Amino acid sequence: MADRYENQPPEKLQGKYQAMVVCCILGIGSLVSWNSMLTIADYYYKVFPDYHPSRVLTLVYQPFALGTILILAYHESKINTRKRNLIGYILFTISTFLLIVLDLATKGRGGIGPYIGLCAVVASFGLADATVQGGMIGDLSLMCPELVQSFMGGLAVSGALTSALRLITKAAFEKTNDGPRKGAMMFLAISTCIELLCVFLYAYVFPKLPIVKYYRRKAASEGSKTVSADLAAAGIQNQSDLTDDDSKNQRLSNKELLIQNIDYAVNLFLIYVCTLSIFPGFLYENTGQHGLGDWYALVLVAMYNCWDLVGRYTPLVKWLKIENRKLITIAVLSRYLLIPAFYFTAKYGDQGWMIMLISVLGLTNGHLTVCIMTIAPKGYKGPEQNALGNLLVIFLLGGIFAGVALDWLWLIGKKNAF
């Protein structure tokens, strides 16, 4: 009787809203550590003024993230998703705590040694990011689109949250002795606590929600082997009978999935090439001096994060959601007009125009990302949705890596840039 009940769709999608809240928190946890690094970049610029922290740290982060997701996506169908995501969140927790230890051990002093240590911790962030993002998006892609949207929204919430906290801590500690360092340490301590919360939620709460159990059982019945440990954690055993019929459980290969969704993949790549060629390096080093002083870059980062958050929830408004594949491509390509707009605004415009441009960049980044991530998996079986989610994350991280590399081009012709 229990097994038959578990196979039925949950009444009125029971547990859906709890699952959406948990997914949002898990999304926050998958990016809060890295966003903390970006948001306290003003502190690292004071400690390491000659090493271009926002650009170098991002460039260190991305090869590890991209390399890891390539390996994990290739072996996606054989990987235990539960272990994968838990390892990722635990690695985030340890790495964020190590940033505090590193700063305390060096007493906030700069130099090449502490900077190499900082880069090593950032590399571990890259490993954790690829482990969690690919695992979570793949896992949620076999469920309802609202859960994917909530997770993607959580990524943006982490940015808005870290920006708000950074502005508060900067104001609170600005006039105190060693103020920027105290604010940064408080920041990292909060991030560590959030990561610990995510470990608990994913291990003990998320797998037991009725809607999550339903979709995972459905995926298992369609041939998915990645959800077995999650089902066991929810107290559901004896899944072998669900996956024995190989004729029903044949799935498209990764190559076939990629060919069918190549436009979505390339568009994700182009979205993040455009975004990361501007954010955050350009904002910290190429926007000049304005009335806001050293608050200027922080305000720009905060505006980007806030509008990115808004953009990830605008697809909930049905008439705003773009579902036509050609329209998505046109919207993605039109964002590249922002690059010359940023260049001329930095050179000739005032801070009001720059704030407007960064808001548009964030809004379109969030909106288009969620549109693609929620539309692409529709119509596929559970194992295919999981695989497609991982493939899309490859192109997303690839776009970030390419954008970070292109961001260095802004330094050409700038005095004392290197």
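Cβ from N, Cα, C; glycine included.
Record features, source Swiss-Prot:
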TRANSMEM  20-40  transmembrane segment
TRANSMEM  56-76  transmembrane segment
TRANSMEM  86-106  transmembrane segment
TRANSMEM  112-132  transmembrane segment
TRANSMEM  142-162  transmembrane segment
TRANSMEM  186-206  transmembrane segment
TRANSMEM  264-284  transmembrane segment
TRANSMEM  291-311  transmembrane segment
TRANSMEM  326-346  transmembrane segment
TRANSMEM  353-373  transmembrane segment
TRANSMEM  392-412  transmembrane segment
Query: Which one, 20-40, 112-132, 142-162, 264-284, 392-412, has the most C-beta pairs under 8 Å toward the transmembrane segment (291-311)?
result: 142-162
Message: Using Cβ distances below 8 Å and needing 3 or more such pairs, separated by at least 6 in sequence, tell me whether the transmembrane segment (186-206) contacts the transmembrane segment (112-132).
response: no
Message: Below 8 Å between Cβ atoms, which of the listed ranges 86-106, 112-132, 142-162, 353-373, 392-412 makes the most pairs with the transmembrane segment (20-40)?
response: 142-162
Query: Of the listed stretches (56-76, 86-106, 112-132, 142-162, 392-412), which one yields the highest count of Cβ-Cβ distances below 8 Å with the transmembrane segment (353-373)?
result: 142-162
- request: Give the one range among 86-106, 112-132, 142-162, 264-284 whose Cβ atoms make the most pairs under 8 Å with those of the transmembrane segment (56-76).
  value: 112-132
- prompt: Between the stretches 112-132, 142-162, 392-412, which wins on the count of C-beta pairs under 8 angstroms to the transmembrane segment (264-284)?
  reply: 392-412
